[in-house]
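Inspection log for the structure reproduced underneath, given as structure tokens.
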Amino acid sequence: MASTFARALSARRSAGLLAMVGAGSLAAGFLLARDTVSAGERQRRRYPPSAEYPDLRKHNNCMASNLTPAIYARLCDKATPNGWTLDQCIQTGVDNPGHPFIKTVGMVAGDEETYEVFAELFDPVIQERHNGYNPRTMKHVTDLDASKIKFGHFDERYVLSSRVRTGRSIRGLSLPPACTRAERREVEKVTVEALNGLTGDLSGRYYRLSEMTEKEQQQLIDDHFLFDKPVSPSLTAAGMARDWPDARGIWHNNEKTFLIWINEEDHTRVISMEKGGNMKRVFERFCRGLKEVERLIQERGWEFMWNERLGYILTCPSNLGTGLRAGVHIKLPLLSKDSRFPKILENLRLQKRGTGGVDTAATANVFDISNLDRLGKSEVELVQLVIDGVNYLIDCERRLEKGQDIRIPSPVPQFRH
């Protein structure tokens, strides 16, 4: 039960709040708002902020673009009620300057309150990363009605597999960069107990990483079912790999078409996937399974982190809002060699990854193509954007096969301010 674990959080959470309302009420009823979040005790510094300001002159990430010396001076002594500081938020971006041609985010949250206590930095980073979405004035919309999707079956001569994923965080527990071992184990316990209530085609079982052989783990990784140990410097610098593989694992249904990763980059990653090009069926299963998981979580006195400005709260600002990434593995041997390919993707608000995901190379001209944005558009809108965009890429590939010319599409409109 939530109330049992809450006592162990008293050193990190507001003991008075827990004592007054109880952990169950806290988990079920805490609505995050700027006027209700107070920072923790100010940090005592030996040197002035100007002496502590990081050298960001060669950095190419959103954090570095927005963190001025003045903002650093105003925020560097603040902390969330958990004690999470600005320097902890930005350390991964300081340590990892980014790629000259690929702009990363460069910062993470340690808890739900991070986005409020350090809003002066997070808000402009969010606006830059999410195509102009202004968290100060805009509200996020959720829509999990899969019946609204149109033209959701791709030509399988090009599309090899389809996948939709999102992340969800358990309210009242710190996010992976900041969580204690006890909190991480509680995330696992709460989630697995809820997942055991799934029935029908969603029913399955949980597999702990610590109980798998290396061969079993590698096979699941090779089949694109399981996450690998975080070895990326941006993840390790953020503290994602601490205590590995304690309290990490994968839950999947019997058909391995509905999966939940536990305690990787986020508390949970919910995934619907299958071979072939039936994105509409993948999204329908995703919506149905996600709604059922949330219902089962709430039955146990917990809930997901959410607010109307930022949508669902996750570790990286790039995943706020829907947290949704709808993607395909697609063969594009001709288009991928065309100099216009990057601009086409940019205008369609799509991103390209290697066959094995982020930081991997494309194998046999197979790319992982997915939506770039997460926030400010609903799940239905983003999946439809991917469907329309992937169909455009397929049309370009067909035209190139016939020796015909292709054109760069008009950019997807940015948000209105």
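Cβ from N, Cα, C; glycine included.
As the structure is a computational prediction, the values presented were derived from the model and not from experiment.
The transit peptide annotation in Swiss-Prot covers 1-39.
The domain 'Phosphagen kinase N-terminal' feature in Swiss-Prot is assigned to 44-131; the stated evidence is sequence analysis.
What Swiss-Prot records for 158-400 is domain 'Phosphagen kinase C-terminal', and it gives sequence analysis as the kind of evidence.
The Cβ of Arg165 (ATP binding site) lies under 8 Å from the Cβ of Arg269, Val270, Ile271, Ser272, Met273, Phe286, Leu324, Arg325, each of which sits 6+ residues away along the same chain. The ATP binding site feature in Swiss-Prot is assigned to 161-165, His224, Arg269, Arg325, 353-358, Asp368.
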Please work out the helix, strand and coil residue numbers for the domain 'Phosphagen kinase N-terminal' (44-131) from the DSSP assignment.
41 helix, 6 strand, 41 coil
Since the record lists Arg269, Arg353 as binding-site residues, which of them has the fewest other Cβ atoms within 10 Å of its Cβ?
Arg353
